[in-house]
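Taking it in order: structure first as structure tokens, then the write-up.
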């Protein structure tokens, strides 16, 4: 791919998982509201391609966006307990600003980092904790309506809806990735819910690489590894994006140790 890929929120965990996997595979532009330390920037990325800016800054966003082919939009307030004024500014207004700039400069693909919190209220007391265990039949597949568990989840559902609007009215390809529980090296320890929605760094990088490479219109997919215990379906991500996850929380003990070492 000759044109750059813009990655917002590049210094966060998801951004670092992506860059750790495919940091040398693309011509990146990186944007974060905080200066990135050298270890967070791939060697192949020139300092002129690193932007320190807020996604609500229209001028900065458009400068960073100019000439890019694809956008991976991660930036925002990631706190589940974030108050409304913060999610409104950073997650909703900021995402709208990103979409608006993207269509103005002719971006072809836009991958939006949604969240499990956009559907967290499906985890009702009559379903939990059984739904976190292997062989339970309950599945969310991306066709269900949002059911947020907090205001952060509301903001992510709003981002998905913004994507629907911009796809329908401006023909930009949009994929919303409802990210599960991203941890490095091993699944969350002694946490059934986290192990059911575990996303490894390796699979995270691969999934967003698929978002850059695949052809799609408007999609909602789940971002988890191929866990035995799961209540999110990854069938759509496999079929549309070519996602082929390699990791499985069942390959670790409940305490997070690899089974072949336990």
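Keep in mind that glycine also has a Cβ here, set from the backbone N, Cα and C atoms.
All protein chains considered, the CB of residue 115 (NAD(+) binding site) has 27 other CB atoms within 10 Å. Sequence annotations record features per position, and here Swiss-Prot assigns NAD(+) binding site to 90, 115, 152, 156 based on similarity to another entry.
The feature active site, proton acceptor is assigned by Swiss-Prot to 152, with similarity to another entry given as support. Taking the Cβ of residue 152 (NAD(+) binding site) as centre and 10 Å as the limit, one finds 25 other Cβ atoms among all the protein chains shown.
When the binding-site residues 90, 156 are compared by the number of other C-beta atoms lying within 10 angstroms of their own C-beta, 90 comes out lowest.
Close to the recorded NAD(+) site, the chain also has 76, 77, 78, 82, 87, 91, 114, 117, 118, 153, 154, 155, 159: residues not among 90, 115, 152, 156 whose Cβ is within 8 Å of the site's Cβ mean position.
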